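Undergrad: One structure, pasted below without further comment.
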Amino acid sequence: MKHLTAMNELSLEDIHELIEEARELKKGKSDSVLSGKFAANLFFEPSTRTRFSFEVAEKKLGMNVLNLDGVSTSVQKGESLYDTVKTLESIGADVCVIRHSHDHYYDELIGHVGIPVINAGDGCGQHPTQSLLDLMTIHEEWGRFAGLTVSIHGDIKHSRVARSNAEVLTRLGAKVLFSGPDEWRDEDNPYGTYVSPDEAVAHSDVVMLLRIQHERHEKKAAERDYLETFGLSLKRAELLKKDAVIMHPAPVNRGVEIDSALVESGRSRIFKQMENGVYIRMAVLKRALLNGENKKRGDQAYVLFN
């Protein structure tokens, strides 16, 4: 049994193995090795891509799928997340995929539940499967990470994608640049260098845009003039290197962080990221449940990612 809660739990070997497995699955490798097992998807925040990507991945692997949201569970009656997951485990769930608004929600689960927990996003914390699909997309484009420059633009402070990606890209040998409004800088993130939007775009092999995380701000941020000041406008896109590509974890706010004309342009890999997400999540689910480590063992502690 192997949880996945944060990217720093994965070794470089783990990352390469997951990407390679996802690539084989994408080629059409038939795989229903998890047939008959139950996956519980528990989402306490809105989600389109991550939620349905996991569901498609689970069904491609032959799994039975239980979809829950915070409104339809007994959490609304005061039940703790821990008791909810223990309930799902007791009625037969083999793995639990969770998105939650609280950072590190999984701390109360790891070592106390007998099924794998896969983090589908925790507040401003981590989003490991998004990072993995981003890495897969970059590797498909370049065949490497070392020596690349990846710039991350926008709401760095509130973005779990920025936090997950900056750490792992640095570990893989890429250079990370940050760009965005001063008030959205993440001073606790040591993995990137802050530069101007123009400098970031001009020097990057991969330009990764982020949406404004309105739901994590105390008051709604102004979007007026954001595109021209900080986003990837058509004018700023003229600075892109010849082979540079555009990425975005989505949802995309067209005309805010990126000009609408660029979303489906020849440089964009945004929908390729979404496609790759299915296969990465298939690989993550297989890793969680196979290799003889999926036996439920009560409440004992587990060592992550042996």
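Any Cβ shown, glycine's included, is placed from N, Cα and C.
For reference, Swiss-Prot lists these features for the protein:
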type	residues	note
BINDING	R49, T50, R99, H127, Q130, A250, P251	carbamoyl phosphate binding site
BINDING	K77, R160, R211	L-aspartate binding site
Undergrad: Give me the CA-CA distance between Q130 (carbamoyl phosphate binding site) and R160 (L-aspartate binding site), in Å, as a whole number.
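TA: Each residue's Cα considered, Q130 (carbamoyl phosphate binding site) and R160 (L-aspartate binding site) end up 9 Å apart.
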Undergrad: Spatially, and counting Cα to Cα, which of the binding-site residues is closest to R160 (L-aspartate binding site)? Options: R49, R99, H127, A250, P251.
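TA: Closest recorded candidate to R160 (L-aspartate binding site) by Cα: H127.
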Undergrad: Express the distance between the Cα positions of P251 (carbamoyl phosphate binding site) and R211 (L-aspartate binding site) as a whole number of Å.
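TA: Between the alpha carbons of P251 (carbamoyl phosphate binding site) and R211 (L-aspartate binding site) there are 7 Å.
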Undergrad: For the recorded carbamoyl phosphate site formed by R49, T50, R99, H127, Q130, A250, P251, name the remaining residues of the chain with Cβ within 8 Å of the site's Cβ center, in chain order.
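TA: Along the chain, the qualifying residues are S47, T48, A120, G121, V161, P249.
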Undergrad: Show which residues of the chain containing A250 (carbamoyl phosphate binding site), separated from it by at least 6 in sequence, have their CB under 8 Å from its CB.
TA: R49, R211, I270, Q273, M274
Undergrad: Going by DSSP, give the three-state secondary structure for R211 (L-aspartate binding site).
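TA: Assignment for R211 (L-aspartate binding site) reads coil.
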Undergrad: Would you mind checking how many other C-beta atoms are within 10 angstroms of the C-beta on Q130 (carbamoyl phosphate binding site)?
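TA: Taking all protein chains shown, Q130 (carbamoyl phosphate binding site) has 24 Cβ neighbours within 10 Å.
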Undergrad: Where among the binding-site residues R99, R211 do you find the Cβ with the fewest other Cβ atoms within 10 Å?
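TA: Result for the binding-site residues R99, R211: minimum number of other Cβ atoms within 10 Å at R211.
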Undergrad: Name the residues of the same chain, 6+ apart in sequence, whose Cβ is under 8 Å from the Cβ of T50 (carbamoyl phosphate binding site)?
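TA: Once residues fewer than 6 apart are set aside, T50 (carbamoyl phosphate binding site) is near R99, A120, G121, H127, T129, Q130, G277.
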Undergrad: Does DSSP give A250 (carbamoyl phosphate binding site) helix, strand or coil?
TA: coil
Undergrad: Please report the number of other Cβ atoms within 10 Å of the Cβ of R49 (carbamoyl phosphate binding site).
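TA: There are 16 such Cβ atoms around R49 (carbamoyl phosphate binding site).
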Undergrad: Just how spread out is the carbamoyl phosphate site if you go by the largest Cα to Cα distance in Å among R49, T50, R99, H127, Q130, A250, P251?
TA: 16
Undergrad: Across all chains shown, how many C-beta atoms besides its own are within 10 angstroms of the C-beta of H127 (carbamoyl phosphate binding site)?
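TA: I get 25 for this one.
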